[in-house]
Amino acid sequence: MKITVLRLSNFQSFGQGPTSLNLTDITYVLGPNGAGKTAVLEALSRLFSPVAAQRTIRISDFHIPATSGTSGIQNEEPTLWIEVDIEFPEAASEDYHASVPPNFDHMMIESSDGVPKVRIRLTAKLAVDGVVEEKIEYIRQADELGEPTVRAEMSRYDRGHIEVHYLPARRDPSDHIAYTTTSLIGRTLRAVDWSQERTTLADLAEQLTSALTSNSAVSSLGLHLATEWRGLHQGGFFTDPTIAFGRGELEGVLRQLTINFSPSHDEAAVPFDRLSDGQKSLLYISLVLAWQSLVRRVLRNEETSLDPNKLRPPVHTIIALEEPENSLSPQYLGRIIRQLHNACDQGDVQALIATHASTLLRRVEPESICFLRLNTARETTVHRISLPENNDTAAKYVREAIHAYPELYFSRLIVLCEGDSEQVVLPRVLAAAGIAEDDASISVVPLGGRHVNYFWQLLNELKIPHVTLLDLDSARYQAGWGRVRYALNQINKVKPGTYEEEKINNLPKWNDRVYFPQIVDAQFKEGKGPMYSLETQGVFFSNPIDLDLLMIEAFPDAYGVVYESPDEKTIMSVLGKSHANEDLLDSKILELFDYYHAEFNLKSKPATHLHALSMLTDEALLKGMPEVFKRLTEHINEKMKNLPE
């Protein structure tokens, strides 16, 4: 049994148009603050939480469009609904599965070889007087657009077969360490047969009272109390008051339930309420996992000490965990995920995890991520990550890059770049231009120049704004005009029809005897060549070769540049064996080759840049900043103006 789809309409940050989320065994829900992550977890709680307060639809659950007010919405009597599709692949098995019998009457099969499904919808309507009317139903039939045509009421008993345990960002386990009808331990204790223990407890209570009342002070108090009572009360009943300690009732003892931990520093057991916030979080998660493990054994008749009719164990459980990183150090996150994986492997548990922890995402497969983002109408949109198909090398590269830089999920804007040098230089350039990388939530992600179109496709699908800085690599093998041609073709793959194929094919080849690409090129109309056009698409080039040479050309004093005419060996070491047309490079550029080779080919690029940047103030960096960096920062500033926080 598995919930495969969650649909929402008009619920919290989700707009009126139905929005679908595809769920797996473990689904990670990501997105910026306010994007709707908590709404997803609460939607499942409204459907199947065992706690009545979490199931109740509130007025605040109804979506309020950015252009409307609360009072206006209430006058319109809005309707919201939350819906799930549930599949039962185990129904085809000859073995017994506890999930099949309670759902059999409501299953539908869309084709002869299809998997049996159940569709459930919770609908709520807000009346003008503020009263919320809600109902939960099976959807038996739907029209071509998926709109329900035949419904059947879902009973409270059927609803209890699925449970959602919502673990909020602040987890207080005290709600479940209590003898109540809704707490996990309370439900378990109420399903136990206590017949023998009741008699034993009554005897122990008498022994306790006898031992305590034998104390002379207690005995004296009892005697004086009886004397004064008889002086006031003259009836035939209730004439002899006696001091007792406890009534010997099992329920009274069970209400004193707590959990203690030992050993402690002073060797005394420590009650759970003295644990740290992080330890309480671990206890809360442990309680939910322990409950599910116990329930599973009851359903399999492996645990006979509990009465199934009183316990009423769910056949499927969803653990909705919000921000597990709260109050916990990173090493615990891996343990939590491992425990959840072990539970989900049993087939009767699913988990949804809403998180901001980039350390956690280094362990997560991209396919299991559900990415949320607000659109311009301030409504939640849902995006899934799709890796390159029919290209194992590209898919592996993109997957590894996502694992290496998971912060891209939480960024307002991404700067895609070549490598280590850009990671050192660009943050300092952005800061000098007044764009604080952390404050603006900008991430610099190096690609090594590979598979850039797949990253463009990925970021476009996730609706994450981005710009790209590539090396032009003029005079290097297949670079220069080859790099420009490559960029134009890759943009066409992501945004088909952006550039005319004929015009791309008419561009010079990488080794044609023509001048290298420039931002202003007289051979094109109004001097606006393909490099100018690419910058309007957010693709910039470190020109004429790469960022390393660009920086030493702009700040020779800070880098300690010594100009020297290169020999053929140095030219080959900088441009590669199959270089071409290096004589078309400016002579001043060629005179930087010896320094470039010594500092960037033979030494650490980041170390060289860090040392030089430490010699530059922000004012000096701005004054001498290469023109491409000025255009890049201006482009970023313009993009950031229109992006929500």
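Every residue, even glycine, has its Cβ placed from backbone N, Cα and C.
Annotated features, as they stand in TrEMBL:
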DOMAIN    1-93  domain 'Endonuclease GajA/Old nuclease/RecF-like AAA'
DOMAIN    266-361  domain 'ATPase AAA-type core'
DOMAIN    410-473  domain 'OLD protein-like TOPRIM'
Composition by DSSP (helix, strand, coil) of residues within the domain 'OLD protein-like TOPRIM' (410-473): 24 helix, 16 strand, 24 coil
For the domain 'Endonuclease GajA/Old nuclease/RecF-like AAA' (1-93), the number of residues DSSP places in helix, strand and coil: 29 helix, 28 strand, 36 coil
Within the predicted model, mean pLDDT of the domain 'Endonuclease GajA/Old nuclease/RecF-like AAA' (1-93): 90
Number of helical, extended and coil residues in the domain 'ATPase AAA-type core' (266-361), per DSSP: 49 helix, 16 strand, 31 coil
